[in-house]
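Asks: I have a structure I would like to understand better, so I am pasting it below and will then ask my questions one at a time.
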Amino acid sequence: MQNEQKKLSPDSFKDLPPKVREQALKMYNFALERKRKPFTLSDFEIGRPLGRGKFGRVYLAREKQTHAIFALKTMFKSELAKGQMEHQVIREVEIHSRLHHPNIISMFTYFADEKRVFLVLEYAGGGEMFNRLRNAPNNRFSEKVAARYVHDVADALHYCHLNKVIHRDLKPENILIAADGRIKLSDFGWSVHTPSLRRKTMCGTLDYLPPEMIGHHTYDENVDNWCLGVLCYEFLVGCPPFESKSNDETFRKICAVAVHYPAYMSSGARDLISKLLVKIPKNRLPLPLVKTHPWVVANIKS
């Protein structure tokens, strides 16, 4: 993985936010003191539940010696085996543990016991983007707020792509918010590290699927660019652009790129979204140009 093959050192955490960096260094130094002895559940005090997915539960946790706060993701091996998800979890750990970016949830370590697998993750005190969006006036963000979020998500995705990682499941539920308001890309369960950046597996969330995945065609990192366009639309409107009563209708709208822009959306926002929601993957706006798009720049500066 590009720029991530070198041995982990204190410098690995230099670009993280101060509070996160402090906790990461605590964990790093503690691991050295223990001569890298694997962690166990007894090293943590378990607090309230933070969330639950199909195969995992997440709890607030405090490491007993350093008192550092984390989100502890717990997955039962029996459930993973029943769902044939073992390889996906291995892939999630391999990918996520190598990603270090200010807008990506940090994975500090992982361990397992006889029945469970545990991932020790950065705790984002602001919760899910999905809940923040649903609690916003009219279930949508202002263009100023949306532009900042889009910029930071684009930056995180661009970092992933530079490291040959495709996220493949971008949506508000998979974006967390730190206590300082910084957004954090999370949940790399559907991500893939592919040096060729070419895949053919359908995955992700229905409303966010790009045309090439619906058509079972080979795809590349540009699936994430499409998803960013869907995300930007949902930020500004409150629902995905292709949401329909039936899956077939959703598929039809996606393949036709049938997008309805409400009158209150600015021309700048429409321009950005229309340049991301493009049927031909290679013609979608590159992520560096998303960050410098006039609508994004103008709203961030305002």
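Please read every residue number as a count from 1 along the shown chain.
Just so it is clear, glycine is given a Cβ too, placed from its N, Cα and C backbone atoms.
Keep in mind that TrEMBL annotations are predicted by a computer and have not been checked by a curator.
So TrEMBL lists the following for this protein:
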type	residues	note
DOMAIN	44-296	domain 'Protein kinase'
BINDING	Lys54, Lys73, Glu122, Tyr123, Ala124, Glu173, Asn174, Asp187	ATP binding site
ACT_SITE	Asp169	active site, proton acceptor
CROSSLNK	Lys171	SUMO2 cross-link
Asks: List nothing but the largest Cα to Cα distance in Å, as a whole number, among the residues Lys54, Lys73, Glu122, Tyr123, Ala124, Glu173, Asn174, Asp187 that the record says bind ATP.
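Replies: Site span for ATP, by Cα atoms: 20 Å.
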Asks: Restricting to the chain of Tyr123 (ATP binding site) and a gap of 6 or more, list residues whose Cβ falls under 8 Å of its Cβ, or answer none.
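Replies: In sequence order, the residues whose Cβ lies under 8 Å from that of Tyr123 (ATP binding site) (at least 6 apart) are Leu50, Leu60, Ile69, Phe70, Ala71.
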Asks: Given the binding-site residues Lys54, Lys73, Glu122, Ala124, Asp187, tell me which ones have a C-alpha lying within 10 Å of the C-alpha of the residue listed as 'active site, proton acceptor'.
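Replies: Taking Lys54, Lys73, Glu122, Ala124, Asp187 one by one, the ones whose Cα falls within 10 Å of the residue listed as 'active site, proton acceptor' are Asp187.
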Asks: Among all chains shown, work out which of the recorded positions Lys54, Lys73, Lys171 has the most CB atoms within 10 A of its CB.
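Replies: Most Cβ neighbours within 10 Å: Lys73.
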Asks: Show which residues of the chain containing Glu122 (ATP binding site), separated from it by at least 6 in sequence, have their CB under 8 Å from its CB.
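Replies: Looking at Cβ-Cβ distances below 8 Å from Glu122 (ATP binding site), excluding near sequence neighbours, one finds Val20, Gln23, Phe70, Ala71, Ile105, Ser106, Met107, Phe108, Ala178, Lys184.
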Asks: Tell me whether the residue listed as 'active site, proton acceptor' sits in a helix, a strand or coil according to DSSP.
Replies: coil
Asks: Note the mean pLDDT of the domain 'Protein kinase' (44-296), expressed as a whole number.
Replies: 90
Asks: Among all protein chains shown, how many Cβ atoms are found within 10 Å of the Cβ of Ala124 (ATP binding site), not counting that one?
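Replies: Excluding its own Cβ, Ala124 (ATP binding site) sees 22 Cβ atoms within 10 Å.
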Asks: Measuring CB to CB from Asn174 (ATP binding site), give everything in the same chain under 8 Å that is also at least six residues away in sequence.
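Replies: Same-chain residues close to Asn174 (ATP binding site) (Cβ under 8 Å, separated by 6 or more) are Leu185, Ser186, Asp187.
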Asks: If you count, for each of the recorded positions Asp169, Glu173, Asp187, the other Cβ atoms lying within 10 Å of its Cβ, which residue has the minimum?
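Replies: Least crowded of the recorded positions Asp169, Glu173, Asp187, by Cβ count within 10 Å, is Glu173.
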